[in-house]
Structure formats: structure tokens, C-alpha cells
Amino acid sequence: MSWAVVFGLLAALLLLLLLTRRRTRRPGEPPLDLGSIPWLGHALEFGKDAAGFLTRMKEKHGDIFTVLVGGRHVTVLLDPHSYDAVVWEPRSRLDFHAYAVFLMERIFDVQLPHYNPGDEKSKMKPTLLHKELQALTDAMYTNLRTVLLGDTVEAGSGWHEMGLLEFSYGFLLRAGYLTQYGVEAPPHTQESQAQDRVHSADVFHTFRQLDLLLPKLARGSLSAGDKDRVGKVKGRLWKLLSPTRLASRAHRSRWLESYLLHLEEMGVSEEMQARALVLQLWATQGNMGPAAFWLLLFLLKNPEALAAVRGELETVLLGAEQPISQMTTLPQKVLDSMPVLDSVLSESLRLTAAPFITREVVADLALPMADGREFSLRRGDRLLLFPFLSPQKDPEIYTDPEVFKYNRFLNPDGSEKKDFYKDGKRLKNYSLPWGAGHNQCLGKGYAVNSIKQFVFLVLTQFDLELITPDVDIPEFDLSRYGFGLMQPEHDVPVRYRIRP
């Protein structure tokens, strides 16, 4: 018998041993469900429809359980009263950095020396708050008008047709790109604005090709053709967002200047800086468009809700100091005086925001539950919270949780409703579209302002209609669970025109 055969047999025996060695539940640990396939466990079910799979597991095991997914043991926690015990736990016990770095490298080919997400967040946080937030908000309003009104005027009078997702995603990402990454250098003319529209459209259409393949990228399931396409798209984006190319742009945000300085201080090459800027384009702009899509679609399908929002915006305009055509900014005090639109946004996010909140278990620990129970977690496992199922879709918390109710987050007096209950106790975490704890989204204020400004402009400056009024709201693209805002399985055709 040759050595090659001997080694082959030994390798096969070792693989068989690894595949047949099954973990057993220890006293004090959550219920364990390994599935029927060695090593893979529930990977196929989880990847096909994470929400459906986790719903079945919750019905079977309760609000905490451990499942085997592709060789990893993942403990899933679905009790919102207990989420704070996870999201504020120190990194020495529950770490979210390792998984973030893994996705950063796998999806965007970004490798940063001595990367510390916590340090990066502390440096970038001031660029998204207070006066810097106001500067971003003002610039976003200007750039939304540039792309939204400018494109429509260029296309001529009358009705224009487009998919609602392309409409929302395209205009918001393009305006967001111009806001964060800069506009054409002075002088500021109609020609420079036209060039901004052309350039930002190029960025969006290229980015969208990558975005469509993002779930496959994250799971490592690209076909040979997909890999070739992804390589070309990434190369194009790296050129569009290279620091050298961006250096000539005007009115770059303080966020961009601070981020580039941060990369330079780490000694990151220009090529890697371009990759990091593509990552940041997705992180800062990738969810606003889908969020606006769902919000507008829910309004178009609910005449009462649409009338309530329009009425609120008309009141805002009546109190404005100048006509909307002359407004160069939408002040924060105006944005903060839209409780109906705030409720609509909160309800839309409740129904469609489905991020995973993950932590790597760095050391064996006891996880305290809000009801007094305690469960042991093993070092090397992964801990997963999925707020989309609970609290956001929990029928004990929300009556008719699958139904869009535009005033769900309003009290009878018109103020914001914050009191929601589960098991007779008031919830602190009653909806978590922005994450929670140490890795809550820093750009929440900027994103909310941007979405509200977009909706304000669309509903006050345009007529917007469904081409088929009785069209059904599309199902989710199930592959996007875990990545933030869900996207539809297919787009919804609309027509729009500037109001006469």
C-alpha cells in the first residue's frame, strides 16, 4: 500500500471523526439543536430564510437556544428584556470586532493594520453630531435638490416612469455621495451641477451591481461568473473613490477629511484607502434608499397615512419663512416638528429593518436573563440577537405586528409613543433598527434627517403614483436578512412628475 493511500485513508478517518463528533448540552446551557447534517447543521435552512428558521426554533425551544450553523455553534437570544446584558458587555467577554473585521475583509477586501473599530468610532463620532450634523443636513438638502429636481427637469416635462426602489435608492445614495465625498470644484454653475449628476449616477449604478451580490459575497457562495463580475465592479469603484480622484472635489465633508487622516495615520496605502472608502459608502449610504423605498410604498398603499403626512407637511410649509422653491435648507427645528412622519418612519423600520447583532464569546461566561434565569455560554461560540423577530414582530408587543399602522408610534396627543410592554414590563428596547449598545449606528441622526428631507421633497415637489394601484407589496429578498434594511424581491413601478 502506497503512502499516498495511507495518508488518504487517515485523512478520511479524521474527517469522519470530526463530522461524527457531536456536541452535547451541558447543565446550565441553552437548549441545543444540531440539526440532522453533521457539521453543516442548520446552515442551509438559516441561509435560505433566517427569519423563518429562527421563528421555528423559538417555537420549539423558547427565547434562547444554540444551533449548529456551518461548523459554528450560534446561541440565539430573542428576549428583548435581556438584550442590554449583551450589547453593553465589555469586549473582553463579548466581542463584536472580530466578526466585523471578517466581513470587512471578505466583502470589501479591506485589511487595515492594527484596526480597532472602537478607536475609529470615537474619532469619527464628532463628525456626525451637533454643528457637523447640521452641515451634513444642509449639504444633503442641496444635493437632493441637485439630483432629484435636476434629473427630472433634464428629462423634460410630463410623467416619468421608474422602479420605486431605483428611484429612492438612486437619488438618496447619489445625494449622499455628493454630501460626504464632495462635489465638482468651483465655480458652482449649472454645468458643474450637471456633471455632479452624471458622476453620482455612475457611482450609484456601479455600487448597485456590488450591492446586489453582497449576500453571496458575505457567505462565500459566488459562482465563477459572479466572481469575475465582482472583481470588475470593485475595480471600477476603487477608481471612482480613489483618494487622488477625490482630492480635487470641493465641499468634502469633515467626516471624509477625518477618515482619510485616520487611515493615513495608520499607514494605509492609497489603494487600501480606496477600498475602505467603498466600504464606507456602503456603511453610510447603503440602507437609506431601501428605508425610503418601504416608507413611500407604505404611504402609497395607505391613503389615510399619505393624507396625514401630506397634511403635516402642508402645515410645515405654512409656517415657513419662505416658499419651498426658495428654501436652501430645511432647518433641524423644522425636521424635528414632523411627529407623523417620525411615526411613519419608525413603523416602516419596525417592519423592514432586520440586522443581526452579533458577538463572539471570548471567555466562558454566565448570561443573566431579565427573568432571573442564567445560561452558560462557551468560549468560541457566537451570540446572535435578532430584533426583527422580537421585539419588532412580537405580537405580545405590537397588535397585528405584520400590519403597517402609520400612527403606531404616536400617543393620542400627537407626541411620540415610547411605552411598549412585554410580560407586563415596559420595554427599553422596543425597536432596534439602528443596532444597540457599543456598536449602535453613529450616523442615525444623519440618516433620519436625509430620509425625511427626501420624503419632504418628493411629497411637496412631485406627484408620485403607483402605475398599478392595486399592486401587492413585494416579498423580501430573503438572502438579505442580517445586513440591515431588507430589500424587495422585485421593484415596484411608479410614475412621477414635478408638480405643475
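Glycine is no exception: its Cβ is also placed from the backbone N, Cα and C atoms.
Here's what Swiss-Prot has on this protein:
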{"type": "BINDING", "residues": "Arg106, Leu112, Asn287, Thr358, Arg359, Arg382", "note": "substrate binding site"}
{"type": "BINDING", "residues": "Cys441", "note": "heme binding site"}
{"type": "TRANSMEM", "residues": "1-20", "note": "transmembrane segment"}
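Structure with Swiss-Prot features highlighted.
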| residue | record | CB count, 10 Å |
| --- | --- | --- |
| Arg106 | substrate binding site | 13 |
| Leu112 | substrate binding site | 21 |
| Asn287 | substrate binding site | 27 |
| Thr358 | substrate binding site | 21 |
| Arg359 | substrate binding site | 27 |
| Arg382 | substrate binding site | 20 |
| Cys441 | heme binding site | 18 |
Do me a favour and check the Cα-Cα span between Asn287 (substrate binding site) and the residue listed as 'heme binding site'; whole Å is fine.
11
What whole-number distance in angstrom separates the two most remote CA atoms of the substrate-binding residues Arg106, Leu112, Asn287, Thr358, Arg359, Arg382?
25
At the Cα level, what's the spacing in Å between Arg359 (substrate binding site) and Cys441 (heme binding site), rounded?
16
Tell me the Cα distance separating Arg106 (substrate binding site) from the residue listed as 'heme binding site', rounded to the nearest angstrom.
21
With H, G and I counted as helix, E and B as strand and the rest as coil, say where DSSP puts the residue listed as 'heme binding site'.
coil
Return one of helix, strand or coil for Leu112 (substrate binding site), based on DSSP.
coil
